[in-house]
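Structure first, commentary second.
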Amino acid sequence: MDAIMLQEKLVERLLCPRVRTARQKEKQYVGFATLPNQVHRKSVKKGFDFTLMVAGESGMGKSTLVNSLFLTDLYKDRKLLNAEGLILHHLRSPSCHHHLSAASPCDPPPSPSALLCRCCAERIHQTVEIIKHTVDIEEKGVKLKLTIVDTPGFGDAVNNNECWKPITDYIDQQFEQYFRDESGLNRKNIQDNRVHCCLYFIPPFGHGLRPVDVEFMKALHEKVNIIPLIAKADCLTPNEIKKLKDRIREEIDKFGIKVYQFPECDSDEDEEFKQLDKELKECTPFAVIGSNTVVEARGQRVRGRLYPWGIVEVENQSHCDFVKLRNMLIRSHMHDLKDVTCDVHYENYRAQCIQEMTSKLAQDNRVDSPVPILPLSTPDVETEKLIKMKDEELKRMQEMLNKMQQQMHDKDQ
Amino acid sequence: LAKMSGGGSTLLGYIGIDTIIEQMRKKTMKAGFDFNIMVVGNSGLGKSTLVNTLFKSQVSRRSAGWARDEKIPKTIEIKAVSHVLEEGGVKMKLTVVDTPGFGDQINNDNCWEPISKYINEQYEKFLKEEVNITRKKRIPDTRVHCCIYFITPTGHSLRSLDIEFMKRLSHSVNIIPVIAKSDTMTIEERLEFKQRVRKELEMGGIEVYPQKEFDEDMEDKSDNDKIREAMPFAVVGSDKEYQVNGKRVLGRKTAWGIVEVENPNHCEFAQLRDFLIRSHLQDLKEVTHNIHYETYRAKRLNENGGLHPITCNDTQESNL
């Protein structure tokens, strides 16, 4: 059986409910075996959510890969992305008081290095932004609210010291928000914005992990599930890919980086399944290729990249590991990624948070009097006012952005 | 084909997000689940037999060494017995909480208090675990998910004790009233009795499960309305089998015929079972967790200045 068929079988295996036919006494049917269906029915009604972060330098094909994975065109409005960057600049630089002039749709998108503010012509410093895109996807009756957290600017500046800090701050903020919500009085509609998985794009051009790769992953491996990927793998031959993968795996071990581990197979799975699972694990880090275009290859229309010397097919398993990544990420491990985030990363954050709070109180010598830890106290009035002001400013900017988006849309019609 | 909204165009193909259901199912099956059911009612109403019949196993207190002629206890006791049942690959740890002595005394004032205390103690246990610094991955759930209240089949109306109990406890636990030993009533008598009981519950402002206020959408409401109109279910329990029309059925043999437990023309046991186990099992747990437990937690956090995670490690008796 070739690799593709084996892979399909693996997916099928993972999808079939395993029925244990152990010592079945001559018992009549009570009916609680329907419980998973009852749970299923509620989940289908409620829908699921999943937050995926992508990190890596510009030009690694992050957006293209996300589009390929979820069959979307999330980044269609790329122009406006830069406008949003401008908006964030205005919020930050106190000296620029001019109103943001709307970008004309005919203007070519400014290149990242030449980002100048239109009104004050001040160079916008390259910082790492955190931009969220949310998309509702429905398939076979199952609703998924997918949030992609993009990190443009990461590693793009000359001096990239601690360029991961905005990212770790963002992740911590989501944990903190969840912690507050969970400890509050009214827990009815908690929004879970915690990051369930971070795809980290390693450039294929080097000889392994670079210092920035190592530092980034070490800063994040205890906060989020990291899945390292070799980006733009179509510039490497199969041998080069193998060497690079081996090298990266070695270095991950050497530096003690804890990337996301696929859970062990059950001991009662059969040999074929275990073998498949082993092969999958040995294939990491996945070497991926993404594409926004559809090409004609072998008589079919597929996602791919057209070169003079041939056509690279994204979903062809002998060309790259895209299918393996997609199957792992979506079809077999999405739920586990969420579980590990909740049970491990979040719990670690929470435990740490509580320790800090209690040690701070011990310092303040207030440990004798009964101190209410839960529900958590709200920030003081001054901070509240400031937050409210900034919120309103952001809202105004967002409205302007929406108007521009609408203008673009109308223009296209 | 995937459908999308909110900033994207569709490119044909199958992503596979519906498989998350299977992923969840796999985990649920592996983990198994807990279900805790409490039975309340006078001695001799067939509580243990009914539970055994529901789960087709000897799961009630009686089977754990209780003799039929044991004296009625002087005070109410709370006895919890757990068994692990397995069906279709799904493991369930079923805990049956029995309350012998309820309503059996001459003076039954406040006989609901030990029951209320037990229920709140389980909430407290869960809360302490939840508030802990290092929490267990799956907090053991001993909270009562469902309380079956056995109504004596007098044929007249609810007794004061019935109303008192249900009034006081319907806000902290899911109560499902059933008419016990309903083979003492004819079908007409049964219908009249049920109507009267429903009216009295309504007049007393008692919301039994499934509570109207928790219906989430139209589909829920229509399903639950049908159930509410059929409640309380008139049941008969039995652990003996007889031959009827060539089949082995559970029943009670009398001189005038055999009462078949699972025959919908004879009694409503099958309806109760389907409702309790096959369709609303998960919902019972969710209402307990999302509503009753949250109510308890909110109350608890507002009093005594809140909860300190570290001190919850000590074995403190709850002061409820």
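Just so it is clear, glycine is given a Cβ too, placed from its N, Cα and C backbone atoms.
Note: TrEMBL annotation is automatic and uncurated.
The domain 'Septin-type G' annotation in TrEMBL covers A:46-356. Mean model confidence of the domain 'Septin-type G' (A:46-356) amounts to 79 (pLDDT, 0 to 100 scale).
Under DSSP, A:Phe205 (site 'Important for dimerization') is assigned to coil, being neither helix nor strand in the three-state scheme. Marked as site 'Important for dimerization' by TrEMBL: A:Phe205.
The Cβ of A:Phe205 (site 'Important for dimerization') has 11 other Cβ atoms within 10 Å, all protein chains considered.
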